[in-house]
Amino acid sequence: MIKKAIARIVEQKDLTEGEMIEVMGQIMTGEATPAQIGAFITALRMKGETIDEITGAARVMREHATRIRAGKDLLDIDRDDINIDRETILDVVGTGGDGTNTFNVSTTVAFVVSACGVKVAKHGNRSVSSLCGSADVLEKLGVNLDITPETVEQCITKIGIGFLFAPALHGAMRYAIGPRREIGIRTIFNILGPLTNPAGADCQVMGVYRPGLVEKLAGVLHRLGCRHGFVVHGMDGMDEITTTTETLIAEVTTSGVSICTIHPEELGFSRCSMDELRGGDATANADIVRSVLQGVAGPRRDIVLINAAYALVAADRAATPEQAIALAAEAIDSGRAMEQLRKLIQITKD
């Protein structure tokens with residue numbers, strides 16, 4: 001199938017979701033050769049990935065991931081119909097590759113949101129293009145990443161936050177590592193990671209590196225069954241909600257997708273410069289994360305609060321971003337957010 005798919009894509013013809021599922025199945029099981037994988041993802045990048053193609057690829061990648069069972073399904077039979085009430089699991093994640101070299105905003109947000117009572121399954125990896133990825137900063141903070149899937153599950157169920165280290169949970173991706181490294185360009189795999197949380201997070205804030213991906217990936221999340229989420233792109237290039245300028249946001253609900261643009265002033269934040277948000281290596285970024293969680297005021301706290309607010313809305317912990325900002329600020333100022341970091345360090349080392 002992959003040979004036929006390459007021929008079609010080279011002619012600028014789209015694949016159906018079913019066809020993409022078949023091709024990705026060949027890639028994830030080692031049936032496709034490295035040359036075929038490289039040709040396929042390059043041709044797909046040149047054509048441009050469709051919602052159908054990304055959705056099909058994400059379904060296969062989810063299927064092959066090591067499953068993290070972090071929530072409980074509650075069966076309610078005290079009704080005429082049977083209803084399964086799933087416990088909310090949230091992910092805050094970005095595609096990376098935005099080139100801004102800011103500190104680890106979404107990683108900091110994860111601790112704040114979990115301190116508000118939301119179970120967070122933070123999916124991430126080491127740095128690819130920036131100085132410090134989420135795994136790098138967590139390791140520097142003292143979190144042990146070399147843990148079993150069962151321990152990850154315990155982190156989420158016992159303390160409300162766990163880190164899902166992508167390489168450890170997406171073993172089938174090993175077949176694509178060589179071709180991806182050798183061609184050295186962004187491909188569909190750069191956007192699949194945030195779509196394939198192994199804990200099955202049904203609520204999400206996903207940052208993307210270019211504005212053209214906002215509506216497209218929101219459509220994919222909707223197709224994949226996201227209950228409530230936001231896909232965001234700061235118009236300064238950040239794969240976060242930014243406080244330097246406006247942010248393009250797509251809200252995903254079970255009924256569809258809606259698009260809007262927000263400005264930091266609308267939520268009571270002053271604009272800052274990109275330099276005020278920049279990070280450094282893992283050591284520098286770990287210091288920044290600690291300072292924000294300890295309550296230090298300034299632009300770094302502001303950008304964490306605004307991103308945490310939308311995460312809390314996605315998890316239905318607050319009805320509006322304004323309400324959510326107050327919850328996030330209280331979680332930091334009370335010390336609960338910092339306590340979540342301490343708990344994660346402890347549980348991963350026990």
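Each Cβ is built from the backbone N, Cα and C atoms, and glycine gets one as well.
Under the three-state DSSP scheme, Asn125 (anthranilate 1 binding site) falls in the coil class. Look at Swiss-Prot and you will find Gly94, Asn125 tagged as anthranilate 1 binding site, backed by sequence analysis.
Sequence annotations record features per position, and here Swiss-Prot assigns 5-phospho-alpha-D-ribose 1-diphosphate binding site to Gly94, 97-98, Thr102, 104-107, 122-130, Ser134. The Cβ of His123 (5-phospho-alpha-D-ribose 1-diphosphate binding site) lies under 8 Å from the Cβ of Asp91, Val93, Leu164, Ala166, Gly193, Pro194, Thr196, Asn197, Pro198, Ala199, Ala201, each on the same chain and at least six residues away in sequence.
Swiss-Prot lists Ser106, Glu240 with the feature Mg(2+) 1 binding site. Spatially close to Ser106 (5-phospho-alpha-D-ribose 1-diphosphate binding site) yet at least six residues away along the chain are Val92, Val93, Gly94, Lys122, Ser134, Val205, Gly207, Glu240, Asn307, judged by Cβ distances under 8 angstroms.
Among the features that Swiss-Prot reports, anthranilate 2 binding site is placed at Arg180, with the record citing sequence analysis. For Arg180 (anthranilate 2 binding site), the same-chain residues 6+ apart in sequence whose C-beta sits under 8 angstroms from its C-beta are Ile41, Thr187, Phe189. Under DSSP, Arg180 (anthranilate 2 binding site) is assigned to a helix (H, G or I) in the three-state scheme.
The annotation Mg(2+) 2 binding site is assigned in Swiss-Prot to Asp239, Glu240 on the grounds of sequence analysis. Around the Cβ of Asp239 (Mg(2+) 2 binding site), the same chain contributes Gly94, Thr95, Gly96, Gly97, Asp98, Gly207, Val208, Tyr209, Val232, His233, each under 8 angstroms and 6 or more positions distant in sequence. Under DSSP, Asp239 (Mg(2+) 2 binding site) is assigned to coil, being neither helix nor strand in the three-state scheme.
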Cβ neighbour count (within 10 Å, all chains shown) around Glu240 (Mg(2+) 1 binding site):
27
What is the one among the binding-site residues Thr102, Asn125 whose Cβ has the most other Cβ atoms less than or equal to 10 Å away?
Thr102
Cβ neighbours within the same chain of Arg126 (5-phospho-alpha-D-ribose 1-diphosphate binding site) - under 8 Å, at least six residues apart:
Gly133, Ala135, Asp136, Pro167
Cβ atoms near Gly94 (anthranilate 1 binding site) (within 10 Å, other residues, all chains):
24
